[in-house]
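According to TrEMBL, the protein has these features:
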DOMAIN    58-200  domain 'EXPERA'
TRANSMEM  28-46  transmembrane segment
TRANSMEM  58-76  transmembrane segment
TRANSMEM  115-138  transmembrane segment
TRANSMEM  150-175  transmembrane segment
TRANSMEM  181-201  transmembrane segment
Amino acid sequence: MGGHGHPYSPAELELPGFVPQQLSQAEIVAACLGASLLVILAVWLISGRCGSRLLSTTGRLLMCWWAFTGLTHIVLEGPFPFTPDFFRKENPSYFDDLFKEYSKGDSRYVSRDTAILALEVITIGLKGPASLLAIYAIASRKSYSHILQFAVSLVQLYGCLFYFITAYLAGFNFWASPFYFWAYFIGANSSWVLIPTLIAVRSWNKISTTFQAEKVKT
């Protein structure tokens with residue numbers, strides 16, 4: 001613990017009534033990864049039983065991604081805006097301890113930074129539901145599937161850009177150690193940079209191809 005009774009950086013961060021997390025890092029990470037793998041496995045298996053609407057491997061993988069990212073935004077991040085006192089709860093829930101653990105990589109969460117709070121509200125209210133809608137669009141072969149995936153991917157990339165730039169402008173002083181910087185701040189967020197970039201490129205190519213085909217017909 002730091003001089004103010006918490007493990008976060010900066011050390012002078014005031015967190016009155018702070019209660020240390022009860023779950024270990026291994027317990028928190030294992031539960032999160034386990035639930036994520038179950039979601040991915042379930043969507044993969046269900047998407048393979050679509051009968052006559054046979055989906056490609058790429059389509060099934062995209063459904064797995066959108067299920068993972070959508071439920072992560074809604075279920076894991078969902079409680080954050082509604083629990084401003086999570087760091088001082090005497091009987092914390094799993095989500096309270098999850099936020100405490102992640103805050104070791106970015107203490108703006110435990111300090112309730114307004115920029116982070118606004119970003120999470122948008123993520124939970126917009127990106128989460130839109131990601132789940134993308135699953136339906138892919139499975140149903142809707143005409144707006146690629147446009148939707150392109151748009152949501154751009155919003156995800158914008159959110160990551162906003163997240164990293166605000167940290168840089170504020171002085172990059174939010175992690176308890178280099179381990180938490182690389183594991184949480186960089187590692188945990190890297191998939192929302194790499195995968196949306198690949199999806200955006202793919203969707204843009206699909207949209208362009210469709211547009212050119214329609215143009216030739218006319």
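Each Cβ is built from the backbone N, Cα and C atoms, and glycine gets one as well.
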Note = The predicted model's mean pLDDT over the domain 'EXPERA' (58-200) is 96
Task = Count up the helix, strand and coil residues in the domain 'EXPERA' (58-200) according to DSSP, in that order.
result = 108 helix, 0 strand, 35 coil
